[in-house]
2 protein chains.
Amino acid sequence: MKFEVTILGSSSATPIFNRNPTAQALNVNERLYLIDCGEGTQQQMLRFDVKASRIDHIFISHLHGDHYLGLIGLLSSLNLNGRTKALYLFCPPQLKDIIELNFQYSESHINYPIEYVFTDPSAPAVLLDNQDVIVESIPLSHRIACTGFIFKEKKRLRKLIKEKVEQLNIPVEYYSKLKKGENYTDLKGKTYYNQELTTDSDRPRSYAYCSDTIYNESYFEQIAGTDMLYHEATFLHNMLNRAKETFHTTALQAGEVAQKVNAQKLIIGHFSARYKTLNELLDEARTAFPETDLAIEGKTFGI
Amino acid sequence: MKFEVTILGSSSATPIFNRNPTAQALNVNERLYLIDCGEGTQQQMLRFDVKASRIDHIFISHLHGDHYLGLIGLLSSLNLNGRTKALYLFCPPQLKDIIELNFQYSESHINYPIEYVFTDPSAPAVLLDNQDVIVESIPLSHRIACTGFIFKEKKRLRKLIKEKVEQLNIPVEYYSKLKKGENYTDLKGKTYYNQELTTDSDRPRSYAYCSDTIYNESYFEQIAGTDMLYHEATFLHNMLNRAKETFHTTALQAGEVAQKVNAQKLIIGHFSARYKTLNELLDEARTAFPETDLAIEGKTFGI
């Protein structure tokens, strides 16, 4: 099953040429989940061939502009392009007021339902549970209410051992039961245990998205063992004081988070505009966690 | 005196790769006036080296997203970059609510005053009168309240005829009076008429910005004889019905406006995303008004 994330924006609030504020498109089994939507996200989607029409779920971490100011334009464009199916929006409750005020004053009639699911940073909560993923909010510690998100792949059905199943002439109608773990008893009354007929499906993967937050161990347990951790790394560690003041994380700290939660891989992003090149941030994070990559815009990471 | 406009965005609402929603930077005597501020305007300013810190006046024509959705981000960035001097915002009154709601929820404290001047599409009004320009609103006919803007250069002081002034040994302290049109009487009581000592300054120029509007002659008188007319031309004339339905103008009509108001030059923009190339729009407008150019992003037009 496809499970990969495409970086659409990698910068923090102050604009910098050729880097865009935060946005990511997560592809889970060919359905797109948009995570944050900074200004210019639509242009980035056009640039990297991410089809807006394939998005049914949008997750907004918090109401700093670099994480949501591209949303009104995107919602309007979906409408102009004839969308009628519902769009699910996971966000702080105040975003609904902002969206409705914009649409009221622009006299826009949105021809598809927007279904809001409000986030609450006081405790982790399951926000979405569909056939492919469970999504939980991750309470983060930022200047304003902010949640990350962890996307946990659903455990897939067991896989048939094709040769065995065919050799025993098991009727096709029975396959779905086998995949669910049932044993099989043939016409002569002989029982075959499920383990002989199927193999376990792959271990479900997870993707944890943590932006923006001060270094804070409170959410480590929730993201323990994640396959891929995206973590903000706004500053180099020589700006730790500035990071603390602004409730952000340094590259070194992001590496330490990945190491402590035993992640398989780390992607760092949300870079301050003061860093024209990003190698120093990467090198610093790798001192704590070698399996680190940069959130380069347009890059897709398989999870 | 510098009087030129740089195109930052040229597209209408539906996004298209590599064209951005409407924004223009007008440079009058090295002060920048931003006209409309679609999503991504900040990136465009970085791209074309238009310094945000030099903007003191922003004009928003109306509250469709492709004309203002870049504003909140720009206002935030000015704050992050330490601005303290006042910013003047000429806009529909509802924009104040939108801005304040965003800043309230993002808990942003803006450290410079935003001075609002509200537009009213019911009649033309002088919005700004400073040493360089007078700016008037132009009532337009769009789906929602919308005004264009005409920037009229102030008449400059008369220019000294340097040789003559030096030959007569007129004291330097007297120069400003001469520039204002006064005569000069020397110590012997002889009077020199101002016309002998100065020449008239250049004819004041004007720039008229008309977006978005249905073809409507009601504003023609106000923009008559303008040196440069920017006019929206969303569609080709074979889509006249669509233009009427959506309260937009065709390229042919834009050319006709320029011809009827006796403009010196026409710039067309606000192109529909359906036009991947723009030559047909240009050719069509030129059939009515040969002195037409396209609003190509990054291009600067001297007025």
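Heads up, the Cβ atoms here are built off N, Cα and C, so glycines get one too.
These features come from TrEMBL:
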{"type": "BINDING", "residues": "B:HIS62, B:HIS64, B:HIS142, B:ASP212", "note": "Zn(2+) 1 binding site"}
{"type": "BINDING", "residues": "B:ASP66, B:HIS67, B:ASP212, B:HIS270", "note": "Zn(2+) 2 binding site"}
{"type": "ACT_SITE", "residues": "B:ASP66", "note": "active site, proton acceptor"}
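A distance below 8 A between C-beta atoms marks B:HIS64 as the binding-site residues from B:HIS64, B:HIS67, B:HIS142, B:ASP212 lying next to chain A. Looking at B:HIS270 (Zn(2+) 2 binding site) and B:HIS62 (Zn(2+) 1 binding site), their Cα atoms lie 14 Å from each other.
Neighbour count (other Cβ atoms within 10 Å of the Cβ, all protein chains): 27 for B:ASP212 (Zn(2+) 1 binding site). Cα to Cα, B:ASP212 (Zn(2+) 1 binding site) and B:HIS67 (Zn(2+) 2 binding site) are separated by 9 Å. A sphere of 10 angstroms centred on the C-beta of B:HIS67 (Zn(2+) 2 binding site) encloses 28 other C-beta atoms.
For the Zn(2+) 1 site, the Cβ centre of B:HIS62, B:HIS64, B:HIS142, B:ASP212 serves as reference, and the other residues of the chain with Cβ at most 8 Å from it are B:SER61, B:LEU63, B:HIS67, B:LEU140, B:ARG143, B:ILE144, B:CYS146, B:SER211, B:THR213, B:PHE247. Of all the binding-site residues listed here (B:HIS142, B:HIS270), the one with the fewest other CB atoms within 10 A of its own CB is B:HIS142.
In sequence order, B:SER11, B:SER12, B:ALA13, B:PRO21, B:THR22, B:GLY38, B:GLU39 constitute the residues six or more apart from B:ASP66 (Zn(2+) 2 binding site) in its chain with CB-CB distances below 8 Å.
In the three-state DSSP reading, B:HIS67 (Zn(2+) 2 binding site) counts as helix. Reported as a whole number, the C-alpha separation between B:HIS142 (Zn(2+) 1 binding site) and B:HIS67 (Zn(2+) 2 binding site) equals 13 Å. Other than the site residues B:ASP66, B:HIS67, B:ASP212, B:HIS270, same-chain residues with C-beta atoms no more than 8 angstroms from the centre of those residues' C-beta atoms, the Zn(2+) 2 site, are B:SER12, B:ALA13, B:PRO21, B:THR22, B:ASP36, B:GLY38, B:SER61, B:HIS62, B:HIS64, B:SER211, B:GLU232. Residues within less than 8 Å, Cβ to Cβ, of B:HIS62 (Zn(2+) 1 binding site) and separated from it by at least 6 positions along the same chain comprise B:TYR68, B:PRO92, B:HIS142, B:ILE144, B:ALA145, B:CYS146, B:THR147, B:ASP212. Residues within less than 8 Å, Cβ to Cβ, of B:HIS64 (Zn(2+) 1 binding site) and separated from it by at least 6 positions along the same chain comprise B:ALA13, B:HIS142, B:ARG143, B:ILE144, B:ASP212.
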